[in-house]
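S.K.: Okay, handing you the structure first.
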Amino acid sequence: MKKALFYTIIFAAIQMVIGAIVMAVWKIVTHEEPQSSVPCLIVASVVTDIVVIALFLKLKWSVVSPNWIRTRPWSVLLWCCVASIGMLVPSQWLQESMPELPNWAEDLFVGLMKNPWGYVVIGLAAPFVEELAIRGAVLRELLKWNENHWVGITISAVLFALIHANPAQMPHAFLAGLLLGWLYYRSGSILPGVMVHWVNNSVAFGVGHVMMAIDPASKGDITLLQMFGSDARVMMAIGCSLLMFVPAIYQLNLRMKKA
């Protein structure tokens, strides 16, 4: 448990420290306010990701092995994509049913979605780095700490939600964290989680990008009611999503195994 908390703190500290250093250097070199500079944010994110990957792999806090992918688990990865897509609408509906939470990172995401390199940060780097740290290091230790794997999975999901440091993202991050944790527990690999994470972030980035192109004032944010036009259609969308999600979980439960 102590190691799991330590890894989480280190992961968060790297983000804060590297971010502060990059912003300070950026201001000296460009004479711009780094907080309002999307290129600065992208550079800070990339440098942070490189440091996290190097540190967690060098110190063997997280272990990446080709053994699982050598089993050719292509059907598992396909069902991971289906599960990720099927989870989106029900999770969004649950979040919209809750009291509205502050979105501290709204302007940040708007800036990233306007920049082609924003997808590298959100869609490509974040899935791998977060799975490497949270599932590959934090959850790995939590699974050793308690015999009931759901205890470790739930704690890791809470930590995963908290590291996003944005209340509006936390409910979905927690629910996704439960799925991601279960995938790691069953497979012993971060790759199924990376696949789910990549699809989730890519869809979110794509929808946000399209919505901003249609209505810049929306800042890429849209409710299910706005998207589907009526409560009945929202319920139909939830039903269709569950018809994807539930069979996907069933198939993953049948097919997933450790290398």
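Placed from the backbone N, Cα and C atoms, the Cβ positions cover glycine too.
Those TrEMBL annotations? Automatic predictions, nothing curated.
Annotation comment: TrEMBL describes 5-29, 41-61, 73-94, 117-134, 146-163, 169-185, 197-214, 234-252 as transmembrane segment. The annotation domain 'CAAX prenyl protease 2/Lysostaphin resistance protein A-like' is assigned in TrEMBL to 116-202.
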S.K.: So what's the average pLDDT for the domain 'CAAX prenyl protease 2/Lysostaphin resistance protein A-like' (116-202)?
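M.R.: Across the residues of the domain 'CAAX prenyl protease 2/Lysostaphin resistance protein A-like' (116-202) the model's pLDDT averages 95 on the 0 to 100 scale.
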S.K.: Name the range, of those listed as 5-29, 73-94, 146-163, 197-214, 234-252, that has the largest tally of Cβ pairs under 8 Å with the transmembrane segment (117-134).
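M.R.: Comparing 5-29, 73-94, 146-163, 197-214, 234-252 against the transmembrane segment (117-134), the winner is 197-214.
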S.K.: How about the transmembrane segment (197-214) and the transmembrane segment (73-94): at least 3 CB pairs under 8 Å, pairs 6 or more apart in sequence, or not?
M.R.: yes
S.K.: With pairs closer than 6 in sequence left out, are the transmembrane segment (169-185) and the transmembrane segment (73-94) joined by 3 or more CB pairs under 8 Å?
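M.R.: Between the transmembrane segment (169-185) and the transmembrane segment (73-94), which are separate recorded stretches, there is contact, as judged by 3 or more close Cβ pairs.
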S.K.: Counting only residues 6 or more past its boundaries, what in the same chain has a CB within less than 8 Å of a CB in the transmembrane segment (41-61)?
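M.R.: Sequence-distant neighbours of the transmembrane segment (41-61): 7, 10-11, 14-15, 18-19, 22-23, 26, 108, 111-112, 115, 117-118, 120-121, 125-126, 128-129, 132-133, 136-137.
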S.K.: For the transmembrane segment (169-185), could you work out the same-chain residues 6 or more beyond its ends whose Cβ comes under 8 Å from its Cβ atoms?
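M.R.: Residues 80, 83, 87, 91-92, 94-95, 98, 101, 105, 131, 134-136, 139-140, 143, 149, 152-154, 156-162, 192-193, 196-197, 200, 252, 256 contact the transmembrane segment (169-185) from elsewhere in the chain.
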S.K.: State the non-local partners of the transmembrane segment (5-29) in its own chain: residues 6+ outside its ends, Cβ under 8 Å from one of its Cβ atoms.
M.R.: 35, 37, 40, 43-44, 47-48, 51-52, 55-56, 61, 133-134, 137-138, 141, 159, 163
